[in-house]
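So the structure is just underneath, and the comments pick up after that.
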Amino acid sequence: MPFQFPEKTRQNKNSRLIKVVNGRIIRNHTIINDDVLYILDGKIIDPQKHFFACGNSPDIVINAKGLLIAPGYIDVQINGAFGVDFSVWKGEKQMKEGLDKIAKGLVKYGCTSFVPTIVSSLKEVYHQILPSLKPRKGNKDNGAEVLGVHVEGPFITPSQLGAHEESCLRAAPNGFGDFVDIYGLHKLKDNPIKIITVAPDVEGVLNSLEELVNFGITVSIGHSSATISQAESAIEKGAKFITHLFNAMQQFHHRDPGIIGLLGTTRITRPFYGIICDGIHVHPNSIKIAYDSHPKGAILVTDAMAATGLPPGEYTLGGISVRKSGNEKVEVVENGKLAGSVIFIDACVKNFKRFTGCSVVEAIDAATLHPAELLGIQNVKGTLNVGADADFIFLDDNLNVVKCFIAGEEISIY
């Protein structure tokens, strides 16, 4: 007769101990075959410590049937999807409905956490939208976790505005005070801004970076014509990310490589960099060059917009009309500029592996561990180590998402 642990009383009587067996689990940059996960109260736990204290046998056993078990994907730049545009204010009720729609829809693609992104907007728009996009936990009812907001602009360079509205752009002659004013930081009870994209060459930006970092915001540089000197100064002042590398920035020149040159810096710590891996925004060879230069800095982002998951046609990005064509390319109707992508994060992972020739673990790290490290949440997100949130996915050998779990609960993806 098999050994049975003696039953003891749990602190939370509603808790269910979950055991995941027969999986190939990604831990500490390697795949461990036939490993086991134990989950309690939405967290990955140490089974030895639990059994010593409580002695309970599992309430639920999930058989992974040899599938790969990876942390849930994290997207730190997503403007919208499924017809929803985070930069368009239609009212609090509509914003909540849109947020719910995206949070639940992304789970199908293995995304368990995301950072809603707002393009350059007017001050009053930020004051309306930001309070509606506060962080919230992911679960069976909410879908993917909202980690906070990525404000992409308006402190960016007019010559590198991409698909942003030029009339919304701002400089910061008054330093940090201009950031407080534009985003309404003094009015917000809890600051929802997790990431900010700024251009180091815009007046007042460099002198504001340390205060932004001290305010708890992860600073990214992009939409900029910054020189390599300005880019390195931004990193020294606390910036740690590059927004969609290669896009909307000074292109590489051998005498002044600009922001792209940070890939080769040895004087300072190299930043993380976002890559839109749709095969449209960046040529595969360029992605390979970035990866070979700084593999541990790669972060896969979708930069997805409202047309994602919908058929070709005309949509909006902020207040700008854009057109999605049959080849999955999105362009500004007025001038033909690229305007975000329509790719999901699982496809980014597949493309990244194919474009770079990296390992499965490295491809997955670029959508899990690396974004978690960027945000300083690597102990609870982007990992399957003990103490982490039980957000994980089952993948087949082709990296297709088979199942998705948030806080230890399976979320239907069909």
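The backbone N, Cα and C atoms fix where each Cβ goes, and this holds for glycine too.
Within its own chain, D303 (active site, proton donor/acceptor) has Q77, I78, N79, T117, H244, G274, I276, H281, G340, S341 as residues 6 or more apart in sequence whose C-beta sits under 8 angstroms from its own. Look at TrEMBL and you will find D303 tagged as active site, proton donor/acceptor.
Positions annotated as Zn(2+) binding site by TrEMBL: E152, H223, H244.
The substrate binding site feature in TrEMBL is assigned to A163, N247, A248, R255, H281, L338, A339, G340. Close to R255 (substrate binding site) in the fold, though at least 6 residues off in sequence, lies no residue with a CB less than 8 Å from its CB.
The domain 'Amidohydrolase-related' feature in TrEMBL is assigned to 69-409.
Minimal Cβ crowding within 10 Å, among the binding-site residues A163, A248, L338, is found at L338. Of all Cβ atoms in the protein chains displayed, 28 besides its own lie within 10 Å of the Cβ of E152 (Zn(2+) binding site). Taking the mean position of the Cβ atoms of E152, H223, H244 as the Zn(2+) site, the remaining same-chain residues with a Cβ inside 8 Å of that point are Q77, G153, I156, G162, T197, S220, G222, T243, N247, A248, D303. The two recorded residues, H223 (Zn(2+) binding site) and L338 (substrate binding site), show a Cα separation of 13 Å. Between the CA atoms of E152 (Zn(2+) binding site) and A163 (substrate binding site) there is a gap of 11 Å.
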